[in-house]
Structure formats: structure tokens, C-alpha cells
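**Student:** Pulled these from Swiss-Prot:
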- 70-93: transmembrane segment (TRANSMEM)
- 156-179: transmembrane segment (TRANSMEM)
- 195-219: transmembrane segment (TRANSMEM)
- 291-309: transmembrane segment (TRANSMEM)
- 346-369: transmembrane segment (TRANSMEM)
- 385-411: transmembrane segment (TRANSMEM)
- 433-455: transmembrane segment (TRANSMEM)
- 531-549: transmembrane segment (TRANSMEM)
- C573, C582: [4Fe-4S] cluster binding site (BINDING)
- 589-610: transmembrane segment (TRANSMEM)
- 664-686: transmembrane segment (TRANSMEM)
- H675: chlorophyll a' binding site (BINDING)
- M683, Y691: chlorophyll a binding site (BINDING)
- 724-744: transmembrane segment (TRANSMEM)
Amino acid sequence: MIIRSPEPEVKILVDRDPIKTSFEEWAKPGHFSRTIAKGPDTTTWIWNLHADAHDFDSHTSDLEEISRKVFSAHFGQLSIIFLWLSGMYFHGARFSNYEAWLSDPTHIGPSAQVVWPIVGQEILNGDVGGGFRGIQITSGFFQIWRASGITSELQLYCTAIGALVFAALMLFAGWFHYHKAAPKLAWFQDVESMLNHHLAGLLGLGSLSWAGHQVHVSLPINQFLNAGVDPKEIPLPHEFILNRDLLAQLYPSFAEGATPFFTLNWSKYSEFLTFRGGLDPVTGGLWLTDIAHHHLAIAILFLIAGHMYRTNWGIGHGIKDILEAHKGPFTGQGHKGLYEILTTLWHAQLSLNLAMLGSLTIVVAHHMYSMPPYPYLATDYATQLSLFTHHMWIGGFLIVGAAAHAAIFMVRDYDPTNRYNDLLDRVLRHRDAIISHLNWVCIFLGFHSFGLYIHNDTMSALGRPQDMFSDTAIQLQPVFAQWIQNTHALAPGVTAPGETASTSLTWGGGELVAVGGKVALLPIPLGTADFLVHHIHAFTIHVTVLILLKGVLFARSSRLIPDKANLGFRFPCDGPGRGGTCQVSAWDHVFLGLFWMYNAISVVIFHFSWKMQSDVWGSISDQGVVTHITGGNFAQSSITINGWLRDFLWAQASQVIQSYGSSLSAYGLFFLGAHFVWAFSLMFLFSGRGYWQELIESIVWAHNKLKVAPATQPRALSIVQGRAVGVTHYLLGGIATTWAFFLARIIAVG
């Protein structure tokens, strides 16, 4: 029998009034740094001010103070999110056609922005149907509002005001928990309590309350809406909540209340907690009863998970014990020491969270179209394309951020003296093998995937279609993907016998679902064209990983620069007199990784956009004949590079290029402007610092001549600053160009 020492009781976990509130520091730019606070000598000062303002590590080495600043900043972030949400709901209430859309979502487009006529820009107010003129929105808010049971613009107003109140509350909390009652370091490090509260509270009770809202408010209101009842005739949410008879008319088992729950006769509830699979044929979205059931189930899981970790009661798991027990046959000490890393070095913790959240965001992108969760979302092609693109970009940025903070952790926080033979140490010791193998994989994937396209272009150019890789000549069918599709399509009858349809129509087997003459979703065929582009995906993803992982594993030292850790996270080169050591800092790997991330995500969203227009989206005639937007040309056109240029980029750019004089003209201007921003980046990326310094000095000479020289000396951007400005404009220009291209196209044809 093991006698454990009693767990320590909870101590006082906050400091009262640690830092007095004062606005004086607001008037002192750079108050957090002795150097910057002195004020500007040269124009470099303003760059340093921005670079270090939120780099709390550089303000102090006191971990408790850093933790408090981060914690407080999180409340500020939440405040901004609530403010943004409030603005979205306010636009829905004040400037939108939400009530009209609700009454006829198949013929009326969603709009929540009306442009004021000042210099003729009211041309942007296009006709979205129902006699309303405004800018068509593609955020999916209307669909979410309908799914949650919002039936009037008054309800949107109330929610907007509520969000503003919450924004103010968050601002107050940020001030309060830094200036009035600041948590002690021990509170931030109490991971078991944190897990219990976040799992049971945020995820468990959050899901449970959403499930409750769905059952008591969303489901009945959506039942009425689907039956064509006028939104103004539908009872208000509180009437459903307070009056059980109203619900019992729609779902008879409601009359029995909680009795079936306590008598374990749960199947009584299967009217509104279903397990159907597939899509609701009326709205083209997942069955809302399936969604309510899902949230209830998730809530139970997380409520249980939120009681798993050991706090004051001496029962449950301890994270440190779990990690230290985690040893495999080939992993030495395993995760020993990881607990200390993750509870004291926040960059490591952040890196992990960014990697998980980034991956999750990309998973969301893929589920939003394959299992469209909201009513009338699947037939709103512009919104579908926007949601996919948005979540892919966000996921890409978060994953690069994960590598960035992993590298910062390696440079600033990793202590090699007390890490021996644990997992991280073992990875670092065979990093050469990892990176060289990964490099080989990248070369293999690059040559072979691109080589297949080049072969096809060559055969096509020589007029030999019979020798091309295509569905009609030499087939390269994606047999594994087709097998997975088939397995899922057959699941309802076999591995998931309770389901009536498979999780997603895209797997195959089922019929297509059309709403209002438009295809919502249908089985997606995969062929040679998909096989080719999937290998490009594999190539770009592996190269991104190669660059980012090399940056992390060689952040502290390399054969070229053994003392790299002393040079810091970002540095241009290893000092004067040592050639060939530029672009080796951990920061430079993030910089280079961003370009490949952009590359990878671009191919993904191009693939998605074209594939959906070619093989999924389109109209259906009364005879049941489907006409796709681009007539199924993906399979034959996307198998050559020339096809991508001619039939995707050029052919589909016609809408944005010809948008002048129409309500889509703003996209035409953005398309042009964003190209300019992108080109502007090349000026920073292709020229060196000396060129600009030389130019600046001659400009300063002219100012001196006229006696108008400023006191602050102008300086050229440092090498790192120039690269940062370059990559920012490159990504901003590239993403905005793609945005204008996609939206002008899909709003015009979708």
C-alpha cells in the first residue's frame, strides 16, 4: 500500500494591487525598454518599437510578470473579438436583408452592407434579389443566424448590444487581472485545474448549453421555417423555453419531460436527437437534430474529461506522471522533463497550441463543404468557397507560427545542460538524418509530381493525347482514395447500422441533394487529375515542413555556425568577414517557410475552386439533368500545366477583369491594387540594404542643402526588416489578388 502525503491545500493565488494604474506610460513610447524609451536617434527606432512592444520576454525576465502580461493581453484580444462580432450582428440588424433572405433563401442573396453614394460608388450595390440592392456577403453569418433560430432584425440588435457589453467586460477583466488582482505564477502553472475547468467548463458546459439552445429554440423555429411559416408568425424563443406544450406539438415526447431520461428510456428522445447522417433535403445542410445530438454527446465526453485530473482531492491523473511514464522502446527517457518545459517556457506551450489549432482549422475547412452544417449554406457557392479559402489560409499561418515559436523556444529557453536522452534531445541528436531524408523525399516528390505534368504538357503539345496520363489514356487512378470513399459510402449498412446515410455525400453511394434547382452536394468522383494534383499537395507540404523543421532543429547550432544560439532568434549573417552565412537564423527559416506555405495553400484552394465548379456545383433541370458551372472540364484540363493556366486562371479571371462598370467592379480594382501590393514586395525582396542607404544619403544631402534636414537620422531598413516588409506585402498582395479573383468569379456565375 502506498501512503501518499496529503495534497497541499489551495493557497492565495493572487497578488492585490501589484501595479498601479497610470496613463503616464502611454505618453512614453517604448517605456518597456531602456534603449527605446530614450527616444529616436535614427528612423530605426520606430521599427524597434513595433518589433519589441509585444515581445514580453524582452521587457523582463520575471516569468510571473510575463505570464500576467500575456493573460491580460488575452482579455484584450477577446474584447476585440466581441467588438468585431457586435459589428457583424449590427450590420445584420441595420443594413441587411436578413428577414427577406429568411423568407426565400434560394432566390435572394445575403447582403449586409449598403454603400453610400458619394462619388458614384453606389454602383457596387448589386441586385441580390427581392428588390434589395447591396453588397453580397460571403461570411455565412445569415446561415448561422438561421440555424440558431434568429428570426428578426430586433434579435440581431439585442445580440449586438450584448456583444458590446461583453467587449467592455473583457477590457475591464484585462485591467483588473493585471492591476487589481494579478494571478501568481503558481496559478498559471496549475495545469490540472486548468484542464478540468477548460474541459468541463468551456467545452463541456459550452457544448451542453448549445445543445440545450438547439433543442429548445433552434429546432422548433427551423421546423416552422422549413414548413414555410412566415418568420413573424413563429413564436419567440422564450415562448418555446417557457411553454412545454408548444414544443410537444412538434415533438410529442416533450410532453413526458425528463421522465424518459431518469427511467433510462432514452429512445423516446430520438425525435429530436437523431442519428441520420447525410443532408436535410429541404435546406441542404446537416440535419439540425443530428447536430443537437452531436453536441449533447460531445458535452458528456468533455464533462467526464473535465473530472479526470488530480487537484486537491488526491484522485485522478497528474500530467507530470503521465508524461514521465511515456517511454517507448526506442525513446530513451521519453517525455521526462517535458512537464517543466511546458509549464515554465510559454513559447513551447504556444508552439504546441498553434500546431494543434492550425491543423484543426484546416480540418474545419474540409468539413465545411463536405458536411455543410448550416441551412442553405451548401447552395451559397460564394460563401462555401470563401469559408474554405479562409480556413485554409488561417490554418497555414497558424502552423508556420507553431514553427516560429518552437524556434524561439529553442533559442531563448532550451537548456541543453539538463536535457539528456529525452525525446527532444534524441531528435536533436539525429537531426541530420531527419533533415536529409526529408530533403530526399522533397526532391523525389517534386521531380515526380511535376514530371507527370511536364510529360502531359509535352505529349499534348506534340498532339499525342493517347500517350498522356489521363482518365481516357494512361490511367493513374487514386485507388486508395477511392477505396476510402467506398468504405465510407457502405458504412451505414455495415459499420454504422443505425445511420440512414453516410457522414458525407461526397463519399459516394447516395443520391445528390439539390435545393431550389441548385446542387448542394453530390458524390465527388476522383480520377487521374486528382491523383496528379494531390502529389503536388504532398510536395508543397513536405517542402514547407522541411524548411520549418530545419529552422527549429538547427536553431541553436549547426555545422556551419556552431554558436548560433548566441546570435539570437533573428540575425542577418554571422558577422562581417564570414561569407556564406546569411539567411541561416531561425527567423529566416520562418520567413522562407511562409513563401512555401503560401505556395501550398494556393494550390489547395485552386484545386478546390476548380474541382467544385467542374464536378459538384451547378444547376439541375426538372428532368434531373445536372449542368455543372464549368461542365466537368477538370478531369481533362487540369492534367497539364497549360490547362491550369488557360482553363482555370485565364478563363475564370474573365469575370474579375471585365467587372468594370458593374456591381463587381470593386473586385476589379482590388485585383489590380493587390497585384500592385504584391509587386511592391519584390522591391524589398530583391534589393540590398546598401543600395537604399546610398540613395538615402544623397536625399539627406539635398535636405541639408535646403536646411530642412530632420533631427532624426533616416536609415535604410535593416536586412531583416526589409525581408519582413517584403514577405508581408507578398502575402497580403497574393491573398487579396486571389480573394478578388475568386469572389468576382463565383458571385457572377454561382
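Cβ coordinates are placed from backbone N, Cα and C, and glycine is handled just like the others.
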**Student:** Excluding the flanking five residues on each side, which residues at least 6 beyond the ends of the transmembrane segment (385-411) place their CB within less than 8 Å of a CB in that stretch?
**Tutor:** 138-140, 341, 345, 347-348, 350-352, 354-355, 357-362, 364-366, 368-369, 544, 548-549, 551-552, 555-556, 565, 568-569, 586-587, 589-590, 593-594, 597-598, 600-601, 604-605, 608-609, 612, 735, 738-739, 742-743, 746, 750
**Student:** Going by C-alpha distance, which of the binding-site residues C573, C582, M683, Y691 is nearest to H675 (chlorophyll a' binding site)?
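**Tutor:** Result for H675 (chlorophyll a' binding site): the nearest of the binding-site residues is M683.
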**Student:** Specify the secondary structure state of Y691 (chlorophyll a binding site) as given by DSSP, simplified to three classes.
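**Tutor:** DSSP assigns Y691 (chlorophyll a binding site) to helix.
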**Student:** Go through the chain and flag residues at least 6 beyond the ends of the transmembrane segment (664-686) whose CB is under 8 A from any CB in it; none is fine as an answer.
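**Tutor:** 121, 123-124, 126, 135, 655-658, 717, 722-723, 725-730, 732-737, 739-741, 743-744, 747-748.
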**Student:** Residues of the same chain, at least six outside the transmembrane segment (156-179), with any C-beta under 8 angstroms of its C-beta?
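**Tutor:** Cβ under 8 Å, 6 or more out: 17-21, 68-69, 71-76, 78-80, 82-83, 85-87, 89-90, 92-94, 98, 145, 150.
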**Student:** To the nearest whole angstrom, what is the C-alpha distance linking M683 (chlorophyll a binding site) and C582 ([4Fe-4S] cluster binding site)?
**Tutor:** 19
**Student:** In three-state terms from DSSP, label H675 (chlorophyll a' binding site) for me.
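**Tutor:** In the DSSP reduction, H675 (chlorophyll a' binding site) maps to helix.
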**Student:** What does DSSP call C573 ([4Fe-4S] cluster binding site) in the simple three-state scheme?
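**Tutor:** In three-state terms, C573 ([4Fe-4S] cluster binding site) counts as coil.
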**Student:** Return only the integer: C-alpha distance in Å from C582 ([4Fe-4S] cluster binding site) to Y691 (chlorophyll a binding site).
**Tutor:** 18
